[in-house]
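Student: Have a look at this one before I ask anything.
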Amino acid sequence: MDGEEHQIDGDEVNNHENKLNEKKKSWGKLYRPDSFIIEAGQTPTNTGRRSLMSWRTTMSLAFQSLGVVYGDIGTSPLYVYASTFTDGINDKDDVVGVLSLIIYTITLVALLKYVFIVLQANDNGEGGTFALYSLICRYAKMGLIPNQEPEDVELSNYTLELPTTQLRRAHMIKEKLENSKFAKIILFLVTIMGTSMVIGDGILTPSISVLSAVSGIKSLGQNTVVGVSVAILIVLFAFQRFGTDKVGFSFAPIILVWFTFLIGIGLFNLFKHDITVLKALNPLYIIYYFRRTGRQGWISLGGVFLCITGTEAMFADLGHFSVRAVQISFSCVAYPALVTIYCGQAAYLTKHTYNVSNTFYDSIPDPLYWPTFVVAVAASIIASQAMISGAFSVISQSLRMGCFPRVKVVHTSAKYEGQVYIPEINYLLMLACIAVTLAFRTTEKIGHAYGIAVVTVMVITTLMVTLIMLVIWKTNIVWIAIFLVVFGSIEMLYLSSVMYKFTSGGYLPLTITVVLMAMMAIWQYVHVLKYRYELREKISRENAIQMATSPDVNRVPGIGLFYTELVNGITPLFSHYISNLSSVHSVFVLISIKTLPVNRVTSSERFFFRYVGPKDSGMFRCVVRYGYKEDIEEPDEFERHFVYYLKEFIHHEHFMSGGGGEVDETDKEEEPNAETTVVPSSNYVPSSGRIGSAHSSSSDKIRSGRVVQVQSVEDQTELVEKAREKGMVYLMGETEITAEKESSLFKKFIVNHAYNFLKKNCREGDKALAIPRSKLLKVGMTYEL
């Protein structure tokens, strides 16, 4: 390179690609490379935290999952038959027909669909509606904010498959999705609908589970049952702050005992009353049931469906555990226990058709009644944990994707990533659960609402997994059709039945969903408008350099981090800042925090630098990339990493330019075309103290408020180190968002009132970014959107 900085343009890269691999003709279409795609730092392979998980850890997580995931589906036997036969049992054969429905619903939906298919659609070990959404966004540009960069696909956690001739169908669908704004909006709305329904489950599950268990004490009046239930709910939500791992280890033994009781009680009733109910294993009895009951049988499906409530928690809570752990615990413990207890209850009902309203407790052998009752109450409390944990997970994911107002997310386990607790949401859920319990008072009414929420999430999951099969897995079209037709038909049949009870309580989850969707949609809508405004009003690089190097602008010692959401271009806030303060730090960095559709980013891939102006200007751009499951580091740790990788970037650029001791004058007037991801030669990152070595010659680099021309890489890194010793200042825009005067009344209401109300009542941006208040300087500006 002879001491010259090597400039890379798009044509050179395209020619280089063609020479490297003529066969991969679809590469350009899939990745749309620009001039950064070849020179972007190649990252080490990351096989993911789940792949190397030991057998002991897997079994430990499987045990924990009993206490978090299966409480909901495990306590369904408390109320399924009572919710199905609301008008009593007219024919003993109806019991066999319903049992057959229950067995095949659990087998097909819970075991086959979720345990063996849906769990495979995880995002590097994370589950839930937003995990599916992020997975789709990673393979197709379906995000509503246009901040994707080609270098993002170089992250090890993207794990994209290289183009092959087998990708034609997937590529065609991907192209259509990327070019359709309507498809992007629909996918987003479906995603936040599923997320809202999961949060709604977190409200309804505790209410119905606790009420159903406490009602087992026949001597208690309804008012007392409701009062005791409310007290239990308060204790449950107060316990959440201790974290999922502690909750899991505390609750898992109880659920294990509960499942043991279910198996024992089920076998007891089978052998004592009527073992012939096992003929329900023949699916023909489902057909016979509908022939006899007709419309009433269809209505009863709303009660049958309750046997799989909580199934979605297996996927939503996946980030707390692992795929293998959930598969083991469900297949070996939960599934056999559930099938056994439902068979035993059916055997009891064939002899005691009049006891359907309290089937579970009446079928318990007398010596086991009180021990079972105590465990049932404990299990019902634990049942609530599944959807509470799921609600925390999906809110955390949606927050990192910019689709939820800022709230505090606490990671409760240093050992298991993905275990989170959100204080504000926890107490809001508690208040909502108490309100539902006091308003509905019985499990029958809550059950009507509960079914709608659960089955809607399942339908959404089926549709999104079908899309993943088409675009990502590239599954044979026959298997895709079978998956969609079989599970889609089952779930739509159940949905039609539960919607029949809309006026009897079914309106509640839809009301909750509408409110949450409106909140998330408003937040995302204004967030996109704000981003597009900054993109439209951004200032050019030349103007920014001219402003910063103007004789009227002083360069003060230190590092200034100017936060902007733009990953390309310079925010108009920069011009506003310069015109008002007339000073720029000796090392000035335009920094963007970007959340990618992966669950985590390794530290060596996190910082993405480039020069804004000439190399002696001390001006840089930095994109700091996080996964949607990560929190921003503490300030001291962030500053150490930032300075370390900034100096690595300077060394890298020096090496790429040929290692010359001086920078050619012509290069100082041009912005290099290539952004560079810093990949240090080792994984070492200093944990404390100074980073790098400082030379005495740097003492004169900053004089009289001006920057002296830097000639060597040592001088540049020394300047950065000296600036760090002077301290970092965090500069943030304090923008006031208003709608344009000519905007419609609806837009004015959304922007001026709804969004600003949410903004005032959520966490401030500097708190979300973990910025120390003592180092914060805010720049006020009004945006008219």
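Each Cβ is built from the backbone N, Cα and C atoms, and glycine gets one as well.
Summarising the annotation, Swiss-Prot assigns compositional bias 'Acidic residues' to 662-673. As annotated by Swiss-Prot, compositional bias 'Low complexity' applies to 687-697. The annotation N-linked glycosylation site is assigned in Swiss-Prot to Asn355 on the grounds of sequence analysis. Residues annotated as phosphoserine in Swiss-Prot, with a large-scale study or a structure entry given as evidence: Ser35. What Swiss-Prot records for 660-699 is region 'Disordered'. Residues or ranges marked as topological domain 'Cytoplasmic' in Swiss-Prot (evidence: sequence analysis): 1-60, 119-184, 240-247, 319-327, 389-419, 473-476, 523-785. The topological domain 'Extracellular' annotation in Swiss-Prot covers 82-97, 206-218, 349-367, 441-451, 498-501 (among others).
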Student: In the topological domain 'Extracellular' (498-501), how many residues does DSSP assign to helix, to strand and to coil?
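Tutor: Reading the DSSP string over the topological domain 'Extracellular' (498-501) gives 2 helix, 0 strand, 2 coil.
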Student: With a Cβ cut-off under 8 Å, give me the same-chain residues at least six positions beyond the ends of the topological domain 'Extracellular' (206-218) that come close to it.
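Tutor: For the topological domain 'Extracellular' (206-218), the far contacts come to 71-72, 75, 78-79, 225-226, 228-229, 232-233, 236, 358, 360-361, 373, 376-377, 379-381, 383-384, 387-388, 429, 433, 436-437, 440-443, 446-447, 450.
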Student: What are the non-local neighbours of Asn355 (N-linked glycosylation site), defined as same-chain residues 6+ apart in sequence with CB under 8 A from its CB?
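Tutor: For Asn355 (N-linked glycosylation site), the qualifying residues are Tyr348, Leu349, Asp362, Ser363.
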Student: Tell me the coarse DSSP state (helix, strand, coil) of the residue listed as 'N-linked glycosylation site'.
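Tutor: The residue listed as 'N-linked glycosylation site' sits in a helix per DSSP.
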Student: Checking distant contacts: for the topological domain 'Extracellular' (498-501), what same-chain residues at least six beyond its ends satisfy Cβ-Cβ under 8 A?
Tutor: 299, 301-302, 305, 448, 451-452, 455
